[in-house]
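According to Swiss-Prot, the feature active site, nucleophile maps to C79. What Swiss-Prot lists as active site, charge relay system is H170, E172, and the listing cites sequence analysis. Annotated L-glutamine binding site per Swiss-Prot: G47, E48, S49, R106, I134, R135, in sequence order.
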Amino acid sequence: MLTIGVLGLQGAVREHIHAIEACGAAGLVVKRPEQLNEVDGLILPGGESTTMRRLIDTYQFMEPLREFAAQGKPMFGTCAGLIILAKEIAGSDNPHLGLLNVVVERNSFGRQVDSFEADLTIKGLDEPFTGVFIRAPHILEAGENVEVLSEHNGRIVAAKQGQFLGCSFHPELTEDHRVTQLFVEMVEEYKQKALV
C-alpha cells in the first residue's frame, strides 16, 4: 500500500490525512525528519509560510526534504506549501526548498477577508473543482518544463513539474478528493518505477 506523508508542523494536517485515506492510500503525519523514509510521497500543507519555514529550520527538515526530492519522491505543496516548494518568491531573495520552477506571490488574492471559493477547470479532471482560497498565493510565472494545470481570472493557481505539484487553494477543505487523487496517482507512478 502507498503511504503518503503530510508535513505535520502546522496547517490542515488532519484534513489532508482524511483526503489521502479517502483515495485509498495510507496517511502519515510527519513530525520528525527520519519519518520521511517511511513515506512514498509528501504533502506540504497550507498554513503560514514564514512560520512553516521557521519550524522546518527548527526541526532540521530542510536538508532531509531536499534529499527526499532528490530520490525522485513526489511532493505536493498547497497554499503556503506551494510557497515552500517554489523556486522563487516575488519580493524575496530567500526561497525555501526551491524545487518547483515557478515564481509565486504571497497573499496575492488579499488578506483573510478575501477568502473565497471558485469553480476551477483543472487539467486531468472532467468536471470543475471547487477551490477554497484562504490568503492564497498565486503563480506569477511558470518556468521551463512546468505544466499549468489551472488558472483563475488569468492567474495560475495549479501547476506541475515532474514529481512536483503545487496549488494556491486548499483541496483538503472540500469533500471532493480529485486533486488529492491526482497526487496519489503521481506517487503510484513513482513507486511502480522505483520497483522496476
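Cβ coordinates come from backbone N, Cα and C, glycine included.
Locations of recorded Swiss-Prot features on the structure.
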{"residue": "G47", "record": "L-glutamine binding site", "DSSP (3 states)": "coil"}
{"residue": "C79", "record": "active site, nucleophile", "DSSP (3 states)": "coil"}
{"residue": "R106", "record": "L-glutamine binding site", "DSSP (3 states)": "coil"}
{"residue": "I134", "record": "L-glutamine binding site", "DSSP (3 states)": "coil"}
{"residue": "H170", "record": "active site, charge relay system", "DSSP (3 states)": "coil"}
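Proximity of the residue listed as 'active site, nucleophile' to non-local residues of its own chain (separation of 6 or more, Cβ distance below 8 Å) is seen for G11, P45, G46, G47, I134, R135, A136, P137, C167, S168, F169, H170, given in sequence order.
Using a 10 Å Cβ-Cβ cutoff, R135 (L-glutamine binding site) registers 19 neighbours. A count of other CB atoms within 10 A of each Cβ picks out H170 as the most crowded of the recorded positions R106, H170.
When the Cα atoms are compared, R106 (L-glutamine binding site) and E172 (active site, charge relay system) turn out to be 20 Å apart.
In the shown protein chains, 25 other C-beta atoms lie within 10 A of the C-beta of S49 (L-glutamine binding site). If you take the Cα of E48 (L-glutamine binding site) and the Cα of E172 (active site, charge relay system), they are about 16 angstrom apart, rounded to a whole number.
Here S49 (L-glutamine binding site) is positioned 17 angstrom away from E172 (active site, charge relay system), judged by their C-alpha atoms. A 10 Å cutoff on Cβ-Cβ distances gives G47 (L-glutamine binding site) a total of 21 other Cβ atoms nearby, all chains included. The least crowded of the recorded positions E48, E172, judged by other CB atoms within 10 A of its own CB, is E48. Of the residues the record lists as binding L-glutamine, namely G47, E48, S49, R106, I134, R135, the two whose Cα atoms sit farthest apart are 13 Å from each other. Within 8 A of the CB centroid of the L-glutamine site residues G47, E48, S49, R106, I134, R135, the other residues of that chain are G46, C79, A80, I83, N107, A136, P137. Around I134 (L-glutamine binding site), taking its Cβ as the centre, 18 other Cβ atoms fall within 10 Å, counting all chains.
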